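Inspection log for the structure reproduced underneath, given as structure tokens.
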There are 2 protein chains.
Amino acid sequence: MTETRLLREQGVTAPAGFRAAGIAAGIKASGNPDLALVFNEGPDYAGAGVFTSNQVKAAPVRWSQQVLKGGRLRAVILNSGGANACTGPGGFQDTHTTAEAVAAALSQWGTETGAVEVAVCSTGLIGDRLPMDKVLAGVTEIVHEMAGGLVGGDEAARAIMTTDTVPKQVALHHKDNWTLGGMAKGAGMLAPSLATMLVVLTTDAKADAATLDQALRAATKLTFDRLDIDGSCSTNDTVLLLSSGASEITPSPEELEAAVLAACDDLCAQLQADAEGVTKRVTITVAGAGCDDDALVAARCIARDSLVKTALFGSDPNWGRVLAAVGMVPFTIDPDAITVSFNGSAVFSDGAPMPGAREVDLSGADINVVVELNQGSGQAMVRTTDLSHAYVEENSAYSS
Amino acid sequence: MTETRLLREQGVTAPAGFRAAGIAAGIKASGNPDLALVFNEGPDYAGAGVFTSNQVKAAPVRWSQQVLKGGRLRAVILNSGGANACTGPGGFQDTHTTAEAVAAALSQWGTETGAVEVAVCSTGLIGDRLPMDKVLAGVTEIVHEMAGGLVGGDEAARAIMTTDTVPKQVALHHKDNWTLGGMAKGAGMLAPSLATMLVVLTTDAKADAATLDQALRAATKLTFDRLDIDGSCSTNDTVLLLSSGASEITPSPEELEAAVLAACDDLCAQLQADAEGVTKRVTITVAGAGCDDDALVAARCIARDSLVKTALFGSDPNWGRVLAAVGMVPFTIDPDAITVSFNGSAVFSDGAPMPGAREVDLSGADINVVVELNQGSGQAMVRTTDLSHAYVEENSAYSS
């Protein structure tokens, strides 16, 4: 291989040393695939994870946080069809039981595995206990299926979908002959501190848990943390990175970090493009803030504003709503120093509208909003979407 | 009069010593009424005001803030059909010119008035200059109309409507023979630090500017500041309180404060009931917080959550979204100690759902969500609405 390539196929099984599977275990009433397994064949078993910052954390998040303390990860079991959040001690026990069942099945198959090496991820409706009879039967079946020799990345990516309309996968083939792969799900309840999403990244590069952790935190901070579809942060957000070391190549920490960032960025764009009810892919860039953190706060203020988002749904260059939103930032700004542009056309400058500001064409699917505060060099970009009828429709009839 | 009565008629002209008018000046393309005047005939001219906390303040807000520094207010001129926000120095000059025209017309009519005694309020689209030829011709006409002897409170309340579907008025007749009246507009861009709204309150009670100011701040803090329709705070929010002293009664500061609070609370309920796209009137009460401020922050977190609001639009008791929203508060909570109820039915307690939680009937127009944090005695209530198709429709096609 002479150059690094980024593809959208194979996903978690693109790197050497990983197998995966996805099956329909009957957790979803629809009968669609709902159980996925990612398995690290080694020789290394390093792992890292980042999790939701929501104080209301689902049972699988609390379990997987404990698992990751060891820095060692053999397998990840993921289910859609139920978040197992707000389900009390019984819900936590269900997660524990699931991890034990995965470890037992893998051990039976000849790979001695402990429950503390198995991360668990769940997504779906908050508040219902999982149908454990189906989950446990599914665990037996999925390990059997994976043992059959399938690579299964595609199937795993499909099995974690909820309101997603397409599976999201990425594979970055590094020119130095190692690979980083990944899959993601997430369509709504997408907000900072990770979207409502589950992401599993795998690599055959050799890297210890600390190096993986550093690369993962740096990448998620710039990608998933800056994807804000509806300002709602999930109880179940999980991003995991597993290394098999099977390539026997040890990239520099910088190379690894760049690869993880590129993969996360690509998955992020896929999540944005498939967000609930999306008709516009919107990027909000705030520049000229006192620092990057201020810029990020301002970009989020705009990205979360319902009036900005409904205007963009209507392809309406209603820049006044952008100004009104940015006027609520918790640091001092000078309104007269701000410039605003839509898709490269300046619409507001020197405290007043620019000629033609109401005629900017926003009819396309991609809208870039740039706000220059002119008070420093801080900059940040947040990805969001419009607020459409389809978003309301999808979210007004989810649980019932 | 033997008891205090609260009615929804007459509005700003219910108290003695006030006249008002509302006309169609041609500012709105629709030809609907768009210019209102409230005039204080005295003998006192005390006034107080509270304004948007948005850093991007419309020209009329900046003008009226200056006017109120004197604590003296003779008249308020209000227009719909244009916010005169983000319109540069020219926009501010337009406001100044309007106040001068009102003062000149009133002086000509025999009431010596200075421009610095005239507050200006504007509402409508951000970013366009007002058609000053129409505004100034309208000022001449409206003063003439008011001089004709009409009381005109109803007409004024109609002329300030934008996306409002009904005028909002209140009149509190105190048993001690003084009266407090008011009118309000506001349907979207309604969020803390005052909704996108214009409110004028009048009273014939005798009270100095400082007393009015204190009563007004105390009342708005508990009412308009806790109305949050879409989390978007306007550039034009203004609440004014004028006293004519015509009743020659001087209520105690507590009596006045109670009356202002009752009037603001009633106008607030009217704004909530007529909010853009509303199909549900929702109150979010958070109790058991460490302090009232924490409770308010938590209530706002829930009231602004798009997933909570779309679920309520669907009459869906999706309490998990309430938990996920409250999990993002910026202070420490204990998720297992929280209880949540919908319309009096407990749905979540002791870290797990209550039996029947998914079957709570939310099909009615009023929904009460109560979250008990069980960590103190702080409490707060926020009024909001659901997030409906009609909200999206109304706001995706406003400017164009």
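For all residues, glycine too, the Cβ spot is worked out from N, Cα and C.
Residues or ranges marked as substrate binding site by TrEMBL: A:T162, A:K185, A:T196, A:E276, A:N395, A:S400. Positions annotated as active site, nucleophile by TrEMBL: A:T196.
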> Can you tell which of the binding-site residues (A:T162, A:N395) has the fewest other C-beta atoms within 10 angstroms of its C-beta?
Replying inline: A:T162
>> I'd like the number of other C-beta atoms within 10 A of the C-beta of A:K185 (substrate binding site), please.
In response: 28
> Three states by DSSP: which one describes A:T162 (substrate binding site)?
Replying inline: coil
>> So if I draw a 10 Å sphere around the Cβ of A:E276 (substrate binding site), how many other Cβ atoms end up inside it?
In response: 27
> Taking CB atoms only, which of the binding-site residues A:T162, A:K185, A:E276, A:N395 fall under 8 A from chain B?
Replying inline: A:N395
